Amino acid sequence: MPTWGSLYFQNSSSAVMEQLIFFHDHTMMIMIMIMILVGYVLISSCINKFYNLGLFEGQEMESIWTVLPAVFLLMIAFPSIRLLYLMEEYEYPEMTIKVLGHQWYWSYEYSDLGFSSFDSYMSSNQENLFRLLNVDNSLVVPYNTDVRMIVSSMDVIHSWTIPSLGVKVDAIPGRLNQLSFMFNRVGMFVGQCSEICGANHSFMPIMISVIPRLSFLQGWV
């Protein structure tokens with residue numbers, strides 16, 4: 001859930017977001033190591049008054065600063081590629097939801113369950129919950145269920161984003177984009193349109209209510 005003044009990620013609500021946070025920490029640790037190493041070399045070269053005439057022809061030194069960056073890049077590349085394939089993996093979704101972006105609201109449709117579509121506008125009542133993130137009709141999905149989302153737009157380019165879920169997909173007119181996710185905890189999760197789409201771009205919140213599967217089957221199916 002977003003908190004005031006936070007400089008870090010929101011608490012993860014999916015396995016993919018947990019992996020994204022781990023990858024961020026892994027990359028930041030490598031960057032800190034590089035900064036310490038480079039800073040030490042620079043400070044040492046400035047403080048040390050001695051010099052080595054053989055340094056201009058140092059084959060070992062050139063080999064080190066050629067191989068070492070390649071090693072650091074590989075340490076970042078392999079986890080990144082693994083995570084990329086993990087995010088694009090679609091296997092046997094249990095339900096499919098269609099999302100359409102409009103200026104300036106969202107439309108949802110449970111195509112597998114035969115529900116009629118509904119629109120989700122920003123709520124005019126901003127006294128409860130979160131300012132500019134409340135909606136009149138939130139999207140309800142079951143907990144621990146593999147959901148496939150098909151996203152498109154009816155006018156301009158939008159972007160459907162839930163930060164705590166670790167998903168962000170563009171809604172492009174005339175094109176269908178898809179993503180897959182699974183919530184690993186119940187609760188209420190919010191996001192916003194992440195693509196500048198006009199005057200009311202800031203007023204396109206996204207709210208998802210995650211409930212137990214039994215409650216979803218009894219109350220929605």
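Please read every residue number as a count from 1 along the shown chain.
Note that Cβ sites are derived from N, Cα and C of the backbone, with glycine treated the same way.
Per TrEMBL, these features apply:
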DOMAIN    1-91  domain 'Cytochrome oxidase subunit II transmembrane region profile'
TRANSMEM  21-43  transmembrane segment
TRANSMEM  63-85  transmembrane segment
DOMAIN    92-221  domain 'Cytochrome oxidase subunit II copper A binding'
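Sequence-distant contacts of the transmembrane segment (21-43) (same chain, six or more residues past either end, CB-CB distance under 8 Å): 9, 12, 72, 75-76, 79-80, 83. In the domain 'Cytochrome oxidase subunit II transmembrane region profile' (1-91), helix, strand and coil residues by DSSP number 67 helix, 0 strand, 24 coil. As a summary of secondary structure, the domain 'Cytochrome oxidase subunit II copper A binding' (92-221) carries 13 helix, 59 strand, 58 coil according to DSSP. In the predicted structure, the domain 'Cytochrome oxidase subunit II copper A binding' (92-221) carries a mean pLDDT of 86.
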